[in-house]
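Everything below concerns the one structure shown next.
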Amino acid sequence: MNNKEQNNEGESVGFDGLGIAPKLLAALQGSGFKNPTPIQAKAIPVCIQGRDMVGIAQTGTGKTMAFSIPMLQRIAREGGQGLVVLPTRELALQVEEELVKIAKRFGLRTSVLIGGASMGRQIEELKRKPHVIVVTPGRLIDHLQRRTASLDGVSVVVLDEADRMFDMGFAPQIRKIMQAVPTERQTMLFSATMPDEIARLAQQYMRDPERIEIAPSGTSSELVEQQLCVVPKPDKLRLLRHFLKEEQGTVLVFSRTKYGAKRITHELCRDNEKAAEIHSNRTLAQRRAALGGFKSGKFRVLVATDIAARGIDVNGISMVINFDLPEQAEDYVHRIGRTGRAERTGKSISFAEPDQGRNVTDIEMLIQKRLTMLDLPFEPSVSILPSGQSNNRRRPSRGRPSGPSARRGSSRPSAGGPSARPSSGRRSGPPRRRV
């Protein structure tokens, strides 16, 4: 795999210098696109040449147009069909929405195949031979098994959010899809991280792909101010209310579970906060209404789980709050990537329970920086210190929680933590901090 790494600094180039056809350039200008993002500036020239490409870039970097422009130009000139595979319904709907803006100017038709929508209607759309189909893996496999869809005419394949699709268990479906498309095709793969299984997929199903890395795998946005607050579990809602009062803009809140998301939303609505929830227990119509309301300003707060949040492609989110730390450190990067987009600054605040030091360390090792500690703005209902300790400058512990023997109402944690010696050096990144 060839490597071409580029950071956000670099020579500015317009869309007219990327090999895009004049008619497509006019369509871009008519749709409000002015200057390419770094991933667009690097990926479009490679993909327009017909090369396979692996793009490492975070969410909010303009990936959709990075693959849409070369794909639509090729289909308009040479025919064939485009296939875009995405992890979630919401993301598929948003990508198709962006595609339509350009495709309709060339008379190219699109169709979206996702779970939760009418299978009969999708079959009728497929009979009309759309030029681009945007799919989630499970629903496409359903159509292939029913023989209501054929991939024989596919000339361009896009795998977007590949790492997330693997995290969600779609690896078998992705392999079936790649085996069902013609051998002679162009493949574009985008991922925020590059784990071994994604590298193996690229090696198996792509031909000498160009690797374009806008930011190193696992890198978090420099535009996002990343903060941490240690808080006992019973006080999390109180802390959330505090930050929502301080922040006047739109806020995305992450819960680890759908039941947690429902409870948080219920409590916020009781506070007369304009909040909505998005998780797997919600119907497709409910999820679309919540996301649409968040984008339009009807809802100021959106509470989401990791899986559902993959479809949240909204510019202008002021703050991301990790009400629960993610199970995987990589998910932290995906979460905070929802703010600090389109060259705007953003803020993320993570709530860590006193025994989650390991989780915090894993995140800091991945992003290669320390999270800024914040004071708890009130006296905790349960001490975050084990009984007998008086140092109130504390990060979460790797040990057990304080337990019933802990003193109630102990001093709140301060903004900083005591310095610790670096760990053994076997792992790169910030030294592990023992607290």
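From the backbone N, Cα and C atoms, a Cβ is placed for every residue, glycine too.
Remember, TrEMBL labels are computer predictions, not curated facts.
Not measured: the values here are computed from a predicted model.
Per TrEMBL, compositional bias 'Low complexity' is recorded for 399-428.
Taken through DSSP, the domain 'DEAD-box RNA helicase Q' (13-41) splits into 16 helix, 0 strand, 13 coil. Feature annotation from TrEMBL assigns domain 'DEAD-box RNA helicase Q' to 13-41.
Residues or ranges marked as domain 'Helicase ATP-binding' by TrEMBL: 44-212.
Among the features that TrEMBL reports, domain 'Helicase C-terminal' is placed at 236-382.
Positions annotated as region 'Disordered' by TrEMBL: 380-435.
With a cut-off of 8 Å between Cβ atoms, the residues of this chain six or more beyond the motif 'Q motif' (13-41) that come close are 6-7, 48-49, 55, 57, 61-63, 65-66, 69, 72-73, 76-77, 101-102, 105-106, 212, 214. If you look up TrEMBL, you'll see 13-41 marked as motif 'Q motif'.
For the domain 'Helicase ATP-binding' (44-212), the model's average pLDDT works out to 94. Each residue in the domain 'Helicase C-terminal' (236-382) gets a DSSP state, and the totals come to 60 helix, 25 strand, 62 coil.
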